[in-house]
Amino acid sequence: MGPQHLRLVQLFCLLGAISTLPRAGALLCYEATASRFRAVAFHNWKWLLMRNMVCKLQEGCEETLVFIETGTARGVVGFKGCSSSSSYPAQISYLVSPPGVSIASYSRVCRSYLCNNLTNLEPFVKLKASTPKSITSASCSCPTCVGEHMKDCLPNFVTTNSCPLAASTCYSSTLKFQAGFLNTTFLLMGCAREHNQLLADFHHIGSIKVTEVLNILEKSQIVGAASSRQDPAWGVVLGLLFAFRD
């Protein structure tokens with residue numbers, strides 16, 4: 001009776017161990033997020049892939065990366081993980097084209113072992129190389145920044161850049177990107193064609209949910225470079241940012 005009882009316990013343990021194994025056909029994908037707004041350069045940014053995850057049956061591996069430029073400032077926000085979407089090849093394009101504030105995205109869903117393995121900004125290097133350069137106009141300048149409002153976009157860190165002829169309106173918004181463990185809220189300011197929502201037609205970029213709220217810009221922020229950094233109107237922008245936070 002003793003040996004039979006022991007074998008029964010061993011059987012239950014074995015069944016329990018089997019139940020925790022990934023089912024046949026389940027993919028292993030990289031799991032990662034990216035959110036960086038300082039010192040982002042095309043050839044020195046690396047997406048570290050430290051973790052992976054087992055997906056549900058029929059799910060694929062997704063990687064979506066968003067590259068933002070405004071003046072000389074750059075930001076990168078990204079997501080890697082499992083996705084229920086159908087597979088699609090790498091798609092790289094401008095969601096908001098230059099001149100002025102530009103937002104580009106790279107996204108794909110694949111279905112092979114750890115296939116969501118992009119680690120650099122090479123797709124955006126090629127995209128930018130094919131984009132004609134714009135002509136700037138000294139008659140209009142705007143406060144410029146991209147980053148977290150209490151870190152990268154405090155008034156002392158905001159620069160003022162001359163605007164291109166085709167993008168001579170000052171733009172400011174608070175953006176929130178959410179997907180899996182990604183939950184990033186940041187400020188985006190710069191020159192644009194008009195002060196409307198730039199991502200109004202993009203509620204999702206891949207699996208990343210996008211929320212955009214326009215900020216109020218006072219005339220003093222638009223006209224003067226030095227005065228715009230320290231003007232009380234900054235309180236309006238920061239007030240909206242705090243209201244936007246969860």
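Numbering starts at 1 and runs along the chain as it is shown here.
Cβ coordinates are placed from backbone N, Cα and C, and glycine is handled just like the others.
Given the structure is predicted, the values throughout are model-derived calculations rather than measurements.
Swiss-Prot lists 1-26 with the feature signal peptide.
The Cβ of Asn117 (N-linked glycosylation site) has Tyr30, Leu49, Glu63 as same-chain neighbours under 8 Å, each 6 or more residues away in sequence. According to Swiss-Prot, the feature N-linked glycosylation site maps to Asn117.
Annotated domain 'UPAR/Ly6' per Swiss-Prot: 142-223, in sequence order.
Summarising the annotation, Swiss-Prot assigns GPI-anchor amidated alanine to Ala225.
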Note to self: Quick check on the domain 'UPAR/Ly6' (142-223): DSSP residue counts for helix, strand, coil, in that order please.
What the structure shows: 8 helix, 43 strand, 31 coil
